[in-house]
């Protein structure tokens, strides 16, 4: 055990998705509350915590490299997060790691920190910890995690083996956190989980309470309540359950942002079956048409995988045909990558890397054309934009159709009389495949 006499300092690195970022924020909030100083450099820290990602092989490699860097520069390292669920894999590469915990093991992480770097007796930081906790996002937006884990067993994914089955947070707790965020100046709440539309399924949508008011534990009920906070609410990771239809009217009424992040993964019924995903493409196209009729402003984001084991040229052509018909606004595409422990590894007919690359290029070329056409439709229109950055050359923001980090931006060249978090009306003057340019009205 270290004999720490100065103010203890903890180095911290957070890797992976927004869900992991929320876990990091929770750990950092506890550390700050207990009086630890969190520092950006490893060399003068008493210990380093690495919150890892283990979703795909490249993420595993990045996590292992970050652990190695922390060991080289500091020597005392605790590992947590998704890759922490595979302790043997970490120990094989980095046997000198002090402790390893799995994802959302907040208490264990803190116990290990206390063991190696005891808590300070005097806490000069307690009054500096904001009520909403430590946030790693800009002040004007924040991620709101509503559940942990997932009940699906998609064959390309190992999240359930790392994070377990679905566990929904009590709706009262979620809404209390959202209220604290808004009170602290947050203008945009990004609702996240492994499976947002499954919120409440594990507790059979039981009645919860917030400020003494009863409400159902469900995605639709949660959206209704969040809409009362008067800020932008954006839904991510929405599995295409039938009840997703029920949130579209809320978007049409302006209660939550007309934005749906709904990972569809493929469009060939045969490949979807191999993935253990919903397989009715015609039904999905009909739903998209219906959603747009109800809410013409709706932005649809999705992600797809090309080169999944067994994918033929015919299967891939079905995917391209789907893109042409669905005309989705925002699309991400991944080349299938084997993940240790995933069921898809056992499937026959693995697709050669050069074929994956060729299909990915064709996919992206088509979707870029669709995206450019969709954005061109906005030229000449007025839209609302939330400002993210301002410098001497102007401002950069996002429209209601743009989530942070993953979507496009709106450039306001020469506009310096705004600040991050401002929501301004903008006339769109130009567009390319991903971004817009405009002037404040």
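Counting starts with 1 at the first residue shown.
Placement of Cβ uses the backbone N, Cα and C atoms for every residue, glycine included.
Now, the feature entries from Swiss-Prot:
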BINDING   17, 53, 82  [4Fe-4S] cluster 1 binding site
BINDING   150, 154, 157  [4Fe-4S] cluster 2 binding site
DOMAIN    8-118  domain 'MTTase N-terminal'
DOMAIN    136-373  domain 'Radical SAM core'
DOMAIN    376-441  domain 'TRAM'
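Annotated features, which come from Swiss-Prot, shown on the structure.
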| residue | record | Cβ within 10 Å |
| --- | --- | --- |
| 17 | [4Fe-4S] cluster 1 binding site | 18 |
| 53 | [4Fe-4S] cluster 1 binding site | 22 |
| 82 | [4Fe-4S] cluster 1 binding site | 28 |
| 150 | [4Fe-4S] cluster 2 binding site | 22 |
| 154 | [4Fe-4S] cluster 2 binding site | 20 |
| 157 | [4Fe-4S] cluster 2 binding site | 22 |
Q | C-alpha spacing of residue 157 ([4Fe-4S] cluster 2 binding site) relative to residue 53 ([4Fe-4S] cluster 1 binding site), in angstrom | A | 13
Q: Identify all same-chain residues not among 150, 154, 157 whose C-beta atom falls within 8 angstroms of the centroid of the [4Fe-4S] cluster 2 site's C-beta atoms; report them in sequence order.
A: 152, 153, 156, 158, 159, 160, 194
(Q) For a three-state summary based on DSSP, what are the helix, strand and coil counts in the domain 'TRAM' (376-441)? (A) 1 helix, 34 strand, 31 coil
Q) Using an 8 Å cut-off from the Cβ centroid of 17, 53, 82, can you name the remaining same-chain residues around the [4Fe-4S] cluster 1 site, in sequence order? A) 15, 16, 19, 20, 52, 54, 55, 59, 81, 83, 103
Q: Take the domain 'MTTase N-terminal' (8-118) and count its residues per DSSP category (helix H/G/I, strand E/B, coil), listing them in that order.
A: 55 helix, 22 strand, 34 coil
Q: Within the domain 'Radical SAM core' (136-373) only, compute the mean pLDDT.
A: 92
